[in-house]
Amino acid sequence: MASGWFYMSCMVLGSLGSMCILFTTYWMQYWRGGFAWDGTVLMFNWHPVLMVSGMVVLYGAASLVYRLPASWVGPKLPWKVLHAALHLLAFTVTVVGLTAVFGFHNHSKITHLYSLHSWLGITTVALFACQWFLGFAVFLLPWASQWLRSLLKPVHVFFGACILSLSIASVISGINEKLFFVLKNATRPYSSLPGEAVFANSTGILVVSFGLLVLYILLASSWRRPDPGALTDRQVWLLVSHYRWDKAKKACFAPC
């Protein structure tokens, strides 16, 4: 039962993450005119898509690498590399998303970083950068002692959850801000809840749902990578279920 709930949560998470990206892309394509890289508002349209993809979906996926039962046994280094690489990919996508909005603001002579959304977003990205470099230096490079890693691990996990929470808050405030900007025409104000508002609000609900599920899996003690010799009953069941599934796959695809 525990194993089934874990893998069902992973499937739901994958579906929610894909829907977050697809819904944001469709919103920008269908209601906001599509995409370009020319300094116009079409360049801005890359910003929400890339920020949702990087700071929410990829970041969330990278955060859960150590929750996979396959990562609980054997060498930890490959999983550390995967964890760092996915976060680096998320950060790269985020930087491109920031480039899009700053490029649009420069082209349109719009002031940078004046709204609460922008303050929250840039703070989140700065924390993400610090978190990645600290994690790379302490947990991936071999110089740090086990004592230092044990000391900083709870801090690393705490700020990881904080950054995801701030990312969700940034996305929600960004969706709201965008709708207030574009739905101020008297013929279709935001308060009349036109189709675009319903769709964008629904996208925000998807982002919140994705983030809450990531945080639930991230903070559930029975799904954390166990310390050596400290497996709980639920973790043992997850490991056994994982290897049964792996053995069944090998048997199915073995040459006759």
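The count begins at 1 with the first shown residue.
Cβ coordinates come from backbone N, Cα and C, glycine included.
According to Swiss-Prot, VAL81 and ARG224 sit on the same side of the membrane. Here the C-alpha separation of HIS112 (heme b 1 binding site) and LYS80 (L-ascorbate binding site) works out to 36 Å. For SER115 (heme b 1 binding site), the number of other Cβ atoms no farther than 10 Å from its own Cβ, over all displayed protein chains, is 13. Highest Cβ count within 10 Å among the binding-site residues HIS47, HIS112: HIS47. Residues of the topological domain 'Lumenal' (105-119) grouped by DSSP class, helix first, strand second and coil last, total 8 helix, 0 strand, 7 coil. Cβ neighbour density within 10 Å is lowest for ARG149 among the binding-site residues LYS80, HIS117, ARG149.
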